[in-house]
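Notes follow the structure.
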Amino acid sequence: MAEAATGFLEQLKSCIVWSWTYLWTVWFFIVLFLVYILRVPLKINDNLSTVSMFLNTLTPKFYVALTGTSSLISGLILIFEWWYFRKYGTSFIEQVSVSHLRPLLGGVDNNSSNNSNSSNGDSDSNRQSVSECKVWRNPLNLFRGAEYNRYTWVTGREPLTYYDMNLSAQDHQTFFTCDSDHLRPADAIMQKAWRERNPQARISAAHEALEINEIRSRVEVPLIASSTIWEIKLLPKCATAYILLAEEEATTIAEAEKLFKQALKAGDGCYRRSQQLQHHGSQYEAQHRRDTNVLVYIKRRLAMCARRLGRTREAVKMMRDLMKEFPLLSMFNIHENLLEALLELQAYADVQAVLAKYDDISLPKSATICYTAALLKARAVSDKFSPEAASRRGLSTAEMNAVEAIHRAVEFNPHVPKYLLEMKSLILPPEHILKRGDSEAIAYAFFHLAHWKRVEGALNLLHCTWEGTFRMIPYPLEKGHLFYPYPICTETADRELLPSFHEVSVYPKKELPFFILFTAGLCSFTAMLALLTHQFPELMGVFAKAMIDIFCSAEFRDWNCKSIFMCVEDELEIPPAPQSQHFQN
């Protein structure tokens, strides 16, 4: 009984919605009927006579002023439309029409099943959009003191934005602090230091934390034991203070490496001690988690220092050991550091082995994964690839695999080829990246451009094939080929992550809507006619009369008919009629 009542209500609702869709026609005829019935009481004929008399008394200057005013208003609307489009990437009038007017005109499907399916689809797409627009820590980020600050000293430009540095501060507070830091004075100072905006204040706080730790070791340790080894075990150095000094105060990679080695000694002792106490309560477990993050961060940065200083094999060994020791800590994306170091060693077999593990459908992708896979496929055929030969004989199986790998990589991040082909200038990569965005493309190309140049013909193959990707995905924001549709939010996030002097790459290219172009042309043409009519009324009257005579002439109609007939004949390819034998010579 309840199901029957529910079905009846749904049918009644659909009938009401259908009637509202066409009810405006009924209202229109009702209004016409009422006007006809009430024409005598309302004195419609007299009012029309008064209006016609008023219009007849108007001078041409009034029409010119009216036209100019309408053109001015249209121009203001055009300027607002252009500003709204530049800022938000869509037309304001189109957005209002789609969002507000279409539901009022009955453009919304009220079927319950369709609504449930669409709501589920929308929620899935929203979740995908959130995951796609998540900001990630750049696994190949540079050192602030030894690299970013040196760039600022030379060029006077700030390579990092406030938003990017604020995200780094949040990461440091997440990785390097815990709830029990207030129990240790040095850690309490560092907890405040990570929140400081001023770099000099952070560095001073790190030195203060080390000094407090040193004073406590001198005062308290002799009361407990006289052994130097026991002193180090009791009161270790503050590892996070050394991390901050290595990141921001050290002006060279060698200095940063020395500080990280001191941080490693302190961090390793804290890690071993908290590992034994982690099962004694939630507080000790959180402290052990913090010490694990600190130790992994230090070892990863030491491996990156070795890579910067040319000790690539040592860096590879350190990264492999780190991945074996902490296989579950994927937040640092150490495998991307390993791939870059292996490419520097030209150990392509090892690169393929790493890709086989991480280039999986269930794991999140990155530009490093996709473009490294494309580089390995291109390496097999790029030295012999020729566009002319490929157009004559077609692509071989290996060449087809390489082209498909390039198309896959370009679909994931379409900004990378412009940097690899040096069509756009590179800048220092940010500390955070947006996957599939311009920031990720800069971070990848900054370190991997040399690897592509080292493979003979790889850039030539990329240059010949990368634009073919866009033919497979004509509407990338709506539907993808191998990946989800391209996220809309990348441009806004990249503008926050990248410095203002860099021109952010936008995909897909935004074109001005036809409405804006049509409005601009119409406003300009109307304003020009109004100005000419006001300045030269007699000449414009003669011109208008001449144009009317031309369009109404018989010659113009005959010419128009002939043009239409010729177009139809060309379209249908009508063969010419055969000549009669009586007219042949």
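The backbone N, Cα and C atoms fix where each Cβ goes, glycine too.
Cross-referencing ASN47, ASN110 with Swiss-Prot, the residue annotated as N-linked glycosylation site turns out to be ASN47. Swiss-Prot lists transmembrane segment at one of the ranges 62-82, 335-355, 440-460, namely 62-82. With respect to Cβ neighbours within 10 Å, the recorded positions ASN47, SER386 differ, and ASN47 shows the lowest count. Across the fold, the C-alpha of SER386 (phosphoserine) and the C-alpha of ASN47 (N-linked glycosylation site) stand 81 Å from each other.
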